[in-house]
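Before any comments, here is the structure.
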């Protein structure tokens with residue numbers, strides 16, 4: 001008998017047998033029995049709902065019992081359980097299933113943890129990422145396996161990779177090795193085949209598979225049974241070969257819309273594989289989509305990683321190139337050989353050629369052609385016969401014309417390719433990458449790479465090669481400049497050798513001068529002795545002033561003879577003028593031996609002797625107006641800088657360095673003073689130098705102990721010596737003025753020929769203005785110069801006196817010239833005759849005037 005139980009509710013009763021585990025319930029409105037376990041779970045729920053009543057003993061079969069309980073629970077959950085609780089229950093259920101299938105989720109073992117660490121060390125390569133992504137998706141949706149279709153970056157085709165026994169690979173420790181074997185080609189843009197699969201195209205019109213459909217439409221699809229006919233997939237799926245009939249296909253698309261691959265997940269038939277879970281559901285599609293979103297992000301960052309890594313490698317490569325090329329720029333051929341070798345390495349080419357552009361002949365030429373097996377040793381190969389062909393011929397010629405890159409995957413399909421070269425050499429050309437090399441927007445060369453070792457030249461090769469070509473252009477440009485400098489240096493050496501031969505004294509001249517005895521006076525006319533006698537007197541004056549303790553006589557003689565040769569044969573600024581200035585400086589130094597220090601005195605005498613070396617008979621303004629090369633080198637004091645430079649050149653000649661016995665610091669000091677003194681002969685510098693020195697003297701601040709004060713005195717002494725003709729006896733003065741104006745008139749003729757109007761002083765049609773110009777010149781420049789010099793060095797008073805005497809003569813001539821212009825006659829001479837109106841007669845008369853003063857200048861003290 002059963003005992004009724006109410007559970008505190010009069011509407012419900014239960015009949016239980018002692019020792020039994022089941023109580024039977026009955027709802028008032030239904031005859032369906034409800035079993036309640038002895039554990040009380042269903043008992044409590046039913047009693048609480050107050051919807052059932054206990055019935056006598058009722059019997060149920062197993063199926064009805066299960067269906068009723070499921071319906072009851074669904075009704076109860078929908079009526080009484082909130083969404084948050086449902087989500088929490090669902091997550092507990094999912095993780096419990098994962099814990100059963102994969103122990104690592106609930107309680108990770110050390111073995112599985114080590115495998116995860118090993119996999120985490122993979123390089124972020126796109127192929128590996130997609131493989132891992134496919135593995136994760138397959139595991140998450142309970143797929144029995146997958147087929148991964150990877151899009152090749154360069155060809156656009158697809159390669160198939162199957163999910164063989166992954167867990168077995170991991171257990172055997174060969175997982176990473178398989179990754180390298182299967183995805184090495186994909187990640188390095190090489191066309192290597194996967195294990196057991198062929199390379200194919202999903203985009204072909206005759207390809208009607210699940211993978212091709214997904215690739216074309218770019219959305220996820222689910223196929224419940226691939227064995228059933230479907231017009232969309234006439235060719236079925238590769239998954240059938242693995243026993244898969246339930247398929248889920250999903251595209252892997254990056255952020256920019258690029259299709260990276262297609263993943264086909266499959267489940268086998270439950271009839272043959274009891275562990276299979278049947279067709280894929282919509283929840284599986286959602287899980288796959290969420291994984292692919294994260295997979296796209298991972299691919300994006302993998303691409304960024306590879307781009308940065310490639311940039312780093314390229315920059316390191318270019319840095320190596322720059323160091324190698326620019327540190328060893330011996331010749332153009334050396335640079336070309338290195339450029340070609342590095343270019344081969346950069347794009348992995350079998351052959352390399354570099355053609356330079358000859359713009360004069362409109363041709364391409366190459367001395368080093370078809371370099372193969374680049375070993376990177378940087379050695380220049382043996383120069384072959386130069387190859388030349390017109391621009392526009394062949395692939396390289398076309399690139400030279402257009403200035404655009406040509407990337408040809410199959411040379412024999414391009415009509416511009418010359419097959420005759422392959423026939424002659426026996427070499428088979430497949431792919432060609434031809435790149436122009438620019439400098440300042442002009443094509444200067446063409447680099448041609450032939451036959452990439454693996455596949456064809458890629459777009460990445462083009463980008464790297466284009467950047468490399470910039471450095472090639474710089475290297476070639478500098479190599480050309482280096483070649484020009486090297487050739488110019490050789491020409492300079494030859495020219496210097498020729499000049500040394502013609503400009504230096506001969507041994508015969510040297511020996512002849514050695515036998516002469518010095519007999520130099522103080523004040524005499526430089527016109528009265530010949531050129532060789534001037535050299536003799538110059539040597540005598542130098543030895544008389546400084547002796548031979550610190551100077552070699554042989555070097556001194558050679559120096560003097562070579563200085564003579566470096567004065568040009570111009571009317572005034574010639575060797576005679578140089579000797580006259582040196583003689584004037586000799587007199588100053590001889591009469592005031594304590595005015596300057598010994599090394600300063602050496603610099604003054606050498607400067608006076610060399611101050612107009614290689615003078616062209618034209619002034620600085622003429623050099624600037626005619627854009628002379630000297631004017632482009634020296635913008636101020638043009639000729640004076642050139643005179644100093646010529647002095648240094650002579651001192652550098654073998655056997656000519658008269659300062660060779662001096663110490664290094666003494667040599668620098670003398671050379672610096674020589675430059676200062678020669679530049680001081682520029683009259684443009686005389687006025688500020690005189691004004692500064694006069695101010696110091698007027699304020700009674702001058703002292704010989706002050707180096708700057710002495711430099712100013714040296715500058716004034718150089719100007720005084722340079723103008724010494726104005727203080728000479730009248731016959732020497734007038735003769736000097738004639739040759740000065742002869743040189744002036746030659747410059748005026750050159751200016752008139754060039755279309756310019758010369759100043760009156762240089763215009764030979766203004767001959768009558770000579771006396772007036774001399775009056776202005778002596779009174780404005782010479783007298784102030786000698787007056788200041790006399791205040792500092794009283795021994796120079798004869799220079800001032802002679803200059804004042806000559807000034808009076810020129811004033812007299814200027815007055816007579818004025819009478820000629822006004823009255824047509826001049827005053828009577830001593831013989832009672834009168835002079836004609838011709839200015840030339842007036843100048844002739846000026847020269848013949850008797851010498852009335854300056855006698856003290858000719859007598860030695």
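Placed from the backbone N, Cα and C atoms, the Cβ positions cover glycine too.
Keep in mind that what you see is a predicted model, and the values were worked out from it rather than measured.
Annotated active site, proton donor per TrEMBL: 573, in sequence order. Residues or ranges marked as AMP binding site in TrEMBL: 573, 574, 575, 576, 577, 612, 722, 774. Taken from TrEMBL, the feature Zn(2+) 1 binding site covers 577, 611, 612, 722. Marked as Zn(2+) 2 binding site by TrEMBL: 612. Among the features that TrEMBL reports, compositional bias 'Polar residues' is placed at 850-861. Marked as domain 'PDEase' by TrEMBL: 494-817. Residues or ranges marked as region 'Disordered' by TrEMBL: 821-861.
Note: the Cα of the residue listed as 'active site, proton donor' and the Cα of residue 722 (AMP binding site) are spaced 10 Å from each other. The Zn(2+) 1 site, placed at the center of the C-beta atoms of 577, 611, 612, 722, has further neighbours from the same chain whose C-beta lies within 8 angstroms: 573, 578, 581, 608, 615, 681. Burial estimate for the binding-site residues (574, 576, 774): highest at 774, by number of other CB atoms within 10 Å. A coil conformation is recorded for residue 574 (AMP binding site) in the three-state DSSP classification, outside any helix or strand. The CA atom of residue 575 (AMP binding site) is located 11 Å away from the CA atom of residue 611 (Zn(2+) 1 binding site). Residue 722 (AMP binding site) sits 9 Å from residue 611 (Zn(2+) 1 binding site), taking the C-alpha atoms as the reference points. When the alpha carbons of residue 574 (AMP binding site) and residue 611 (Zn(2+) 1 binding site) are compared, the span between them is 11 angstrom. Across the binding-site residues listed here (612, 722), the residue whose Cβ sits among the most other Cβ atoms within 10 Å is 612. Annotation note: residue 722 (AMP binding site) sits in a helical segment as assigned by DSSP.
The recorded positions 573, 577, 611 differ in how many other CB atoms lie within 10 Å of their CB, and the one with the most is 611. Taken residue by residue with DSSP, residue 774 (AMP binding site) is part of a helix. Separating the Cα atoms of residue 774 (AMP binding site) and residue 611 (Zn(2+) 1 binding site) is a whole-number distance of 23 Å. Binding-site extent for AMP: residues 573, 574, 575, 576, 577, 612, 722, 774, maximum pairwise Cα distance 23 Å (rounded to the nearest whole number). Each residue contributes its Cα atom, and for residue 611 (Zn(2+) 1 binding site) and residue 576 (AMP binding site) those atoms are 12 Å apart. Note on the domain 'PDEase' (494-817): mean pLDDT across this stretch is 89.
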